[in-house]
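Chemist: Questions regarding the structure given below will be posed in turn.
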Amino acid sequence: MTVSALDNGITGNRIDSQTVLYGVIGDPVRHSKSPIMMNRAFRETGINGAYMAFHITPGKLGQFVAGIRAMGIRGVNVTIPHKLDIMKYMDEIDAGAQAIGAVNTIVNDNGRLTGYNTDGIGYVRSLKEEAEPELAGKRILVIGAGGASRGIVYALAGEQPSGITIANRSVERAEELAQSFRSLADIRAIANDELQAACGEADIVINTTSVGMHPHTDATPIDTSWLKPSAVASDLIYNPLRTKFLLDAEQHGCRVHGGLGMFIYQGAYAFEYWTGQPAPAAAMRETVLQSLV
Ligand code: NAP
């Protein structure tokens, strides 16, 4: 491959001696859509950056962090399984990431590493822009209490909802999550057998479980006839873009909101932390959507 093919064919970005390096780490990482999304963002804004996917196994995390400083990598996204373990390598952790207990974005300021979590705020920005601009006073039902749910419940709690109910297959996990953020909002935990009643009261119902994700696309976390037709049904899953939960809820009259926006906006916040410039979210979405069809 020629140098010009590398310059223009792979990232499409200018690559020269001034180019600043960014990337995502994960294990596995080859499925990640972040490189195409972020390189489009650099092209769109004219920023001289290049974004790579690094396959980092758990035993290599410390060496990678030394590499961030040595190579002057400006920004890193962190995905499964490193979001918790990376925290001990940070010089500083943002209050939100500390409360959530996970870091998905690193900013490198001349060797000083700060950890952020943009998953929850990315989700809320997407929900407000795409489905429901006003979350204050709303009754929100969150189904699932895993890693993604933690970030989302923390971010939703900052929006003055009238209450948040968390339902989970293992109810003790829902109780633990509710307990963590009870000082921020009116949050309660329920078991999945109380879901029908909770759906009947909810203005926004969010699926944060993996139920309905490819290849199990016939599965749905609830019977959507339980929802108020005026409710918003939201799903974190973006493969498929429209889950059975969302298709059924749409049939029932609900407004629906898929998981792609969360992915775009978690990246948009990271881009903004790194560059100080507004992220070109529409272009980022277009590139990811093109890669999904
Ligand atoms: P996680 O930590 O493994 O949590 C999985 C959650 O799903 C738990 O609450 C688990 O319940 C529940 N669950 C799994 N299988 C279930 C089943 N058969 N019946 C009922 N509940 C079940 O995973 P995560 O990282 O939070 O991710 C959850 C989902 O969010 C995934 O689909 C992921 O793709 C999506 N996600 C999307 C984005 C985005 O950018 N759009 C970002 C992150 C995650 P138990 O506690 O009882 O096991």
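Each residue's number is its place along the chain shown, starting with 1.
Heads up, the Cβ atoms here are built off N, Cα and C, so glycines get one too.
As the structure is a computational prediction, the values presented were derived from the model and not from experiment.
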Chemist: Which residue of Gly120, Gly122, Gly259 does TrEMBL report at the same NADP(+) site as Gly144, Ala145, Gly146, Gly147, Ala148, Leu236?
Modeler: Gly259
Chemist: Based on TrEMBL, name the residue from Tyr89, Tyr238 that is recorded for the same shikimate site as Ser32, Lys33, Ser34, Thr79, Asn104, Asp119, Gln266.
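Modeler: Only hit among Tyr89, Tyr238 in TrEMBL's shikimate site, alongside Ser32, Lys33, Ser34, Thr79, Asn104, Asp119, Gln266: Tyr238.
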Chemist: For Gln266 (shikimate binding site), which of the three DSSP-derived states applies: helix, strand, or coil?
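Modeler: Its secondary structure by DSSP: helix.
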Chemist: Max Cα distance spanning Gly144, Ala145, Gly146, Gly147, Ala148, Leu236, Gly259 (NADP(+) binders), Å?
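Modeler: Among the residues the record ties to NADP(+), max Cα distance equals 16 Å.
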Chemist: Is any of Thr79, Lys83, Gly144, Gly147, Tyr238, Gly259 (recorded positions) within Cβ reach of ligand 1, i.e. under 6 A, and which?
Modeler: Gly144, Gly147, Tyr238, Gly259
Chemist: With every protein chain in view, what's the tally of Cβ atoms within 10 Å of the Cβ of Leu236 (NADP(+) binding site), excluding that atom itself?
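Modeler: Around the Cβ of Leu236 (NADP(+) binding site), 25 other Cβ atoms lie within 10 Å.
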Chemist: Who are the long-range neighbours of the domain 'SDH C-terminal' (259-289) in its own chain, taking Cβ under 8 Å and residues 6 or more past its ends?
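Modeler: Same-chain contacts beyond the ends: 22, 33-34, 36-38, 40-41, 44-45, 47, 49, 74-75, 77, 104-105, 107, 116, 118-119, 121-123, 125-127, 129-130, 235-238, 241.
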